[in-house]
Amino acid sequence: MSKQNQWIVGVNAVASSVENDADNVREVLIEAGSKNPRLTEIEEQARRKGIDVRRVNTQALDGVGGQVRHQGVAARYAAARLWAENELEGLVEAAAGRALVLILDGVQDPHNLGACLRSAAAAGVTAVVIPKDKSATVNATVRKTSAGAADRIPVVAVTNLARCLRDLQKQGVWLYGLAGEAEASLYSVDLRGNVGLVLGGEADGLRRLTREHCDGLVKIPMPGEIESLNVSVATGVTLFEAVRQRLGA
């Protein structure tokens, strides 16, 4: 896994990092004078785990949070936890025929990526695959939006998405791409075995080459007047149809 230094902000994101990955939290900054009990809990847990904690003014937190609302807390974090492409094979093998892989083809808005990761973690996915280029990466905004989910699931960054899709197929992963013009409904296909769910970016959807590497295309039926969903909403709908089938509902 590759690592990089970054700041994460927000109560849920910092609390999750302190709880789940304390070894990679370098320090925690908390707004001086705050009486928020959640911040007190974070401070106490961080100190118990040997993490440096500093009380600072709001301006200092504004400086590390940028445009992201910090909620009075920030942490300097050492790991982006991006898994290498060659680690994906082992993750699929370990799923023993029930791998559920989410492939995001060029989701560029970090808020959308964070929301997708949150849904993916809730659905218990095996891994999330993103391209290294033309895609949001796991930055502070993504961590905050994901409410800590970015720390809980493998995010695999790949150089060549088409090659990655071929490799998944060689492992017996059946790839379904989500496309509004598809004839088959999401609710008509079997999502219980080794399955990869492929969703495109906000503007253009699935790229041509990505589409060509899918084993099938499906759509979410929309009887209303709106014919499209935000990618993070579509991700949640698609993942939890897979969950429903796998639970036998």
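Backbone N, Cα and C define each Cβ position, glycine as well.
For Gly200, Ile220, Leu229, the entry in Swiss-Prot reads S-adenosyl-L-methionine binding site, with the evidence type sequence analysis.
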Sorted by sequence, non-Gly200, Ile220, Leu229 residues with Cβ within 8 Å of centre, S-adenosyl-L-methionine:
Leu178, Gly180, Leu199, Gly205, Lys219, Ser228, Val231, Val233, Ala234, Thr235, Val237, Thr238
Within 10 A of the CB of Gly200 (S-adenosyl-L-methionine binding site), the number of other CB atoms across every chain shown is 21
Return the residues near Ile220 (S-adenosyl-L-methionine binding site) by Cβ distance under 8 Å, restricted to its own chain and a separation of at least 6 in sequence.
Leu178, Ser185, Leu186, Leu229, Ala234, Val237, Thr238
Give the number of CB atoms, excluding that of Leu229 (S-adenosyl-L-methionine binding site) itself, located within 10 Å of its CB.
16
